[in-house]
């Protein structure tokens, strides 16, 4: 390119085209995957108690139904991240949809407890790849509007939680948990139905040297958006420092800058990056601090979010039992449970609105730690037993803030990593969150059911405070920053 030929990067193309019809379709598809994951996670609040009553399970066996899903998600989050970075984003979310839909549907026909546990574990493995869809969508969004559109993307999670709570309220009193499991698997089948028309990420293609394929996707995007691509030749962004070319000044900050001799370009752009190699890169000197802090914050957010969801279904009934208050009928308990979960599910909407309002104004870091600390403040009064209305209100506020924090975290994490290890990095961090998901049912179900509400809430408080501190210590802000395509990024 030393002859003065004009060149442009994927980021330049995205900024020039803006967010249009093409990205809208990508958003709808990836959003359906987010709806599917939210529904599969939310139904854990309803299936456990129903299965326990039908099969006479212990509280430990009931909590295992939830924990085993998160164990599967722990494995899937890392595995699908490696697959996505090695073989492409489309390959990653194809297999996640296959596993989730088939295992989810078959689990509705489980003849016994062991079969249900195995199938729900496989559902968890499939759900672990949800972050691949988030990274895929992110790589189609122009940098100036990335924060706002990722909040919109997160709205699909809230749609899934509200839809699942509504389905449970309608289905469970009349039919059974098996019907709920079967219906909840339908969104994953929709992903398979429309998979053939999904494009590969042009950023992934460009990073792996498949420039002609990347150009084809960008041209299709420009045509659908009624825009024109920049003049010149498409080039990987990591080569732009070698030519006389000026990036948009507000977008020119690179997130990670390693020395040129630390890792070769050939090794960077290879599509055959193995899992161990990718993990080593995440712990390289320049990535170690953000990676370790992300693990802490993901663990704390997931522990708190899923804990608050489970607390909603546990506290009211257990408070009555622990306080020796008579409950008139199981139908009344079920009605209160579905009502409380339904009401608190709507807490995610103000959480999304709040995160959308501040994420691109005050930045990712401040947004996360501020909302984590505020969520702590809402949970604190629950150290002592409260009236049912107060308990629901406090959980509503806590869920609003933790949803907002989780939303911003899923924006920040993919922005930290370069394309060559983005899905792996987010996948490993998400796996740490899944560990939080594995542990929190033991706390929410075990401690609370044993009338140890104070200890349970105090544990939530400590974990969330540590997560807030981790967000405060993140080494850099990513607001309005251009996504990096390789570890050997340009200066």
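Cβ atoms here come from the backbone N, Cα and C positions, even for glycine.
Keep in mind that this is a model prediction, so the values were computed, not measured.
Summarising the annotation, TrEMBL assigns domain 'Major facilitator superfamily (MFS) profile' to 26-479.
Residues or ranges marked as transmembrane segment by TrEMBL: 64-81 (among others). Residues 40-41, 44, 47-48, 51, 92-93, 95-96, 99, 116-117, 120-129, 131-132, 275, 306, 310, 423-428, 430-431, 433-435, 437-438, 441-442, 445 of the same chain lie 6+ residues outside the transmembrane segment (64-81) yet bring a C-beta within less than 8 angstroms of a C-beta in it.
Residues or ranges marked as transmembrane segment by TrEMBL: 93-111 (among others).
What TrEMBL records for 117-138 (among others) is transmembrane segment.
The annotation transmembrane segment is assigned in TrEMBL to 150-169 (among others). Only residues 6 or more beyond the boundaries of the transmembrane segment (150-169), in the same chain, are considered here, and those with a CB under 8 A from a CB of the stretch are 27, 30-32, 34-39, 41-43, 45-46, 134, 137-138, 141, 180, 183-184, 187, 338-339, 341-342, 345-346, 348-349, 351-352, 355-356, 359, 403, 406-407, 410-411.
The transmembrane segment annotation in TrEMBL covers 175-195 (among others).
The transmembrane segment annotation in TrEMBL covers 292-311 (among others).
Packing against the transmembrane segment (366-384) from elsewhere in the chain are residues 297, 300-301, 304, 308, 311, 315, 351, 354-355, 358-359, 390-391, 394-395, 397-398, 400-402, 404-405, 408-409, 412, 453-454, 457-458, 460-461, 464-465, 467-469, 471-472, 474: each is 6 or more residues past its ends and has a CB under 8 Å from a CB in it. If you look up TrEMBL, you'll see 366-384 (among others) marked as transmembrane segment.
The feature transmembrane segment is assigned by TrEMBL to 396-413 (among others). Residues of the same chain lying 6 or more positions beyond the ends of the transmembrane segment (396-413) and with a Cβ under 8 Å from any Cβ of it are 131, 134, 146-147, 150-151, 154, 158, 294, 297-298, 301-302, 304-305, 308-309, 312, 343-344, 346-348, 350-352, 354-355, 359, 364-365, 367-368, 371-372, 374-375, 378-379, 425-426, 429-430, 464, 471, 474, 478.
According to TrEMBL, the transmembrane segment annotation covers 425-445 (among others).
Counting only same-chain residues 6+ beyond the ends of the transmembrane segment (457-476), those with a CB under 8 A from a CB of the stretch are 255, 289-290, 293, 296-297, 299-301, 303-304, 307-308, 364-365, 368-369, 372-373, 375-376, 379-380, 382-383, 402, 405, 409, 412, 436, 443, 447. Look at TrEMBL and you will find 457-476 (among others) tagged as transmembrane segment.
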